[in-house]
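Taken from TrEMBL, the feature domain 'Histidine kinase/HSP90-like ATPase' applies to 278-367. The transmembrane segment annotation in TrEMBL covers 31-47, 54-74, 86-110, 122-141.
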Amino acid sequence: MRIDLGVAAALAAAITLTITGVTEPGSEAPDAVAYLLGLAASAWVLLRRASPLGALIGTILTLVLYYDLGYPAFSPAVALTPTAFFAALAGRAVPAACILGLAVVFSTGWRVLADEMPLDTVLGTNSLADVALFAAVIVLGEAVRSRRSWGEEVRARERLEAEQRAEEERLRIARELHDVMAHTIVGVSVQASVAADVIDDSPEAAKEALRAIRAQSTEAMAELRAVVGVLREGDQDTAPRAPAPGLDGLAGLVELTHGAGVEVAVAVDGTARPLPKAIDMTAYRIIQESLTNVIRHARTPAARVHVRYDPAALVLEIADDGVGGTANGSGHGVLGMRERAAAVGGTLTAERAPEGGFRVRATLPTP
């Protein structure tokens, strides 16, 4: 509002000085009414936010009244330039141009017919300069509006991209936490049940189960530190993070699964080769989640893991002969695996096998 008041005050001063300095033979000398009309013409700019076109039309009508009372004529551009600019700035460039065009045509016809002035006199250098100035002001207002709009679109797009990155990071961390904790908790639960069942009859077997619980808990803590580490941006004192798990940790995963009571047969086809970290970790997590689901739902003592190195892809298949799993593989763990595969450009299916049991198959593109 302060800006509008400043513009109105400056415009009022300009119109007042113009009225004071202009002289025209046969016209009425400026009096209080003339100056009040000049102030009224400048005051219309205060409405430019509420009604840009209304402010422009009001200014034109005020000038028409001023000229009709016979006061010395001055260039209408002095009063109309600000309201025309603000109308274009508000996105009303075309209507503003039409209104100004009609005003120019009406003014020209009025002066030719009513004042009996020659057309070439009316369309003098000053009039053409006013028309050119109106056009330039409207073009400038539209250019400023377009630039502002473009800047707002850029900022909105940047905010959206930042929110999308934050959401992707949140989902990634959620998947990591789920994969780490689900496998560990299931294994600990199974080992704890074993320990409780045999502690009286076979203390040594109970100790072995407790040692397995300790090993699984230690591994889970190391992986949790690595996951939580991504949330500590800028912390220079953070301890070195544990390396992200990959297929080189498959043997340890199989051993932990064996400790939970499920034998895992692993088959590898093709020539093993170094994989991108994202692909390597995704493959490990898919196998880990699949074996966790076998322990939790399949109620079977055996599972199979098949890893195949194709020229342009890594193909994984994890299968069991149990009875668990939903028919369409719609559980949260399966959804997380699909998201992981999609994040690296791969695909994943999870379904009941025709011969019985449940099967997860993933294809991950590799260089």
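Using N, Cα and C of the backbone, Cβ positions are placed for all residues, glycine too.
Residues 18-19, 22-24, 27-30, 33-34, 37-38, 40-41, 44-48, 80, 83-84, 86-87, 96, 99-100, 103 of the same chain, all 6+ positions outside the transmembrane segment (54-74), place their C-beta atoms under 8 angstroms from a C-beta of that stretch. Mean predicted confidence for the domain 'Histidine kinase/HSP90-like ATPase' (278-367): the pLDDT average there is 86.
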